[in-house]
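> One structure, as structure tokens, below. Some questions next.
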Amino acid sequence: MSGKIPKYFINELLFRTNIVELIETRIKLKKNGKNYQTHCPFHNDKTPSFTVSYEKQFYYCFGCSAHGNAIDFLINYDNLNFVESIEELATIHSIEIPFDKKGTIEKKIYLKKQKLYFLMDKMSKLYQKNIIFTNSANKYLTERGINKNMIDFFCIGFSSNKWDLFSKQFNIKKDFEKDLLHYKIISTNKNGYIYDTFQGRIVFPIHDQHGRIISFGGRSITNNILPKYLNSHENDIFHKGKQIYGLYQVKKKHSKPKYLLVVEGYIDVIMLTQYNIEYVVSSLGTSITKEHIQILFRHTNTVIYCYDGDDAGRNASWRTLKIALPYISDKKNIKFIILPNNEDPDTIIKKEGQKKFQLRIDNALTMSKFFFKNILKNVDLSSDDDKFHLSVRALPLINCISSDTIRIYLRQILARTIGIVDDYQFEKFLYEKERKKKSLQFQIKHTPMRTLIGLLIQNPNLARLVPSTKKFENEKIQGLPIFLEILKTCSDNPNFNTGQLLEFYRYSKIINILKILSKWDHMIIKEKIQNMFLDLLKNTYSKILEKRQEKLIAKERIQGLTIDEKKEIWSINKKLSKK
């Protein structure tokens, strides 16, 4: 990426970003001394081991060794690539990315995204204007019970049956039409006739977390337009498997929702919201993905699924459970609402009203109850064969859960269900030993040079204590070139913190050792760091003098020294005597 997004811009982004505030938009932090702590979002953390340093603009987990700066956090937590994480920070700070001339591919993608945002927004406004003048669309929404407040809140629109009439009505320019065709927002048939993909449909805009419109969903209002439901084609800003409909609207009202209620369709979301059921979203159908699960858990600790009361809905609930199991933890849980046959959230809220539906939410089945309710279907517990097949089917699913507590709890229920009550017999159901990564800090030896580099990485302002490096140049001491390289970078960038320093070296050959040393516990108290750094620097210089002294002494024994060399060894002896 070097040479594509300028390093000065990346550094400026990190300088503007407060990593504590950024992480707190995703997870709750608690102040602990000068740092902030919480349970690690990257592994099943029983005690808070995730530390965020405002001073260093750096995070580190003592449990799983996850670490990095603001960019790394977005890459790992939001599942973004490097460029996407830069785009996210740039959006937060409302600044454009100044791609340089070498970054042609990235720049084209970035500009294409900006163009798509613009086109989607403009089309959405046209759809919204159009619905005002379309009696059939208004009649349909009225029959579905959707009021004007919801139409406005969710920016609902309508696409006319004929593009030429639509374009004339709103005076759409040819250049705009060409852009829409180029980005496949509208299309042409084999006869060259332009048509809107969503023609004859109610249009539901889909927003990203920043409120930008990234795609549309359409619902036909007559039986002769098929398919009944339609989504935009995937593009650079829209990936169906990663989007949650209604999440932006929920977050507008509740920055940290206590739960999220997942339903199947747009109208389910809208109707429940209209009836004052909070926190409702949709995964754009029943095809839930692991990305959906991860996104939902980033915004809340409890996700409740409420699919339609038919075979497709029940199958979707079971499929969702299986996909979600690896992401369940002691703090992240899922629940299920099972609706009566042939009911969906839209129909049942109209029959029952808000209070009764809220009771369904309050009494939603826990994950464990739903799991055993489904897995015990058609199982004859009086049959040893059935009990065996039950355990064969259940155990692999239970083993997907990372939480020891939940996994053991489910195994105990399974053991009791199949009639195993003796602890010794139950051993075969106990969890496999969890492999814990050996902390990187124990994989490398403590050496003076590594401590020197580690202190500098963790405290870049120490560079101001070194007025000159001439006496260290051209010396062959292991690690010294790395130290001098970092020292120069810190001197050239006096305001760098640890996070910015690591970002500077993201694509260099030394980044791995720098990452290790950035989180290395050197066990030196803060008040003594400066003196320790200077002592190590002095000792390094002494080591250089000693090596030169040995070389001159060896030469003297073999062939003697020149006058200049004799003066040099005298000077070295004098300096070393002052140690």
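Heads up, the Cβ atoms here are built off N, Cα and C, so glycines get one too.
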> Pick from 40-64, 165-189, 440-464, 490-514: which range does Swiss-Prot record as zinc finger?
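Range annotated as zinc finger by Swiss-Prot: 40-64.
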> Fewest other C-beta atoms within 10 angstroms of its own C-beta: which of the binding-site residues Glu264, Asp308, Asp310 fits that?
Asp310
> For the zinc finger (40-64), what are the same-chain contacts with Cβ under 8 Å, counting residues 6+ beyond its ends?
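Hits for the zinc finger (40-64): 14, 17-20, 23, 26-27, 29-30, 32, 34, 70, 72-73, 76-77, 329-330, 402-404, 437, 439, 458, 497-500, 502, 518-519.
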> Could you give me the DSSP helix, strand and coil counts for the zinc finger (40-64)?
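Per DSSP, the residues of the zinc finger (40-64) fall into 0 helix, 8 strand, 17 coil.
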> Give me the mean pLDDT over the domain 'Toprim' (258-340), rounded to a whole number.
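Within the domain 'Toprim' (258-340), the model's average pLDDT equals 93.
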> Across the domain 'Toprim' (258-340), what are the DSSP residue counts per state (helix, strand, coil)?
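Helix, strand and coil residues of the domain 'Toprim' (258-340) number 36 helix, 15 strand, 32 coil.
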> Report, in whole Å, the straight Cα-to-Cα distance of Glu264 (Mg(2+) 1 binding site) from Asp310 (Mg(2+) 2 binding site).
12
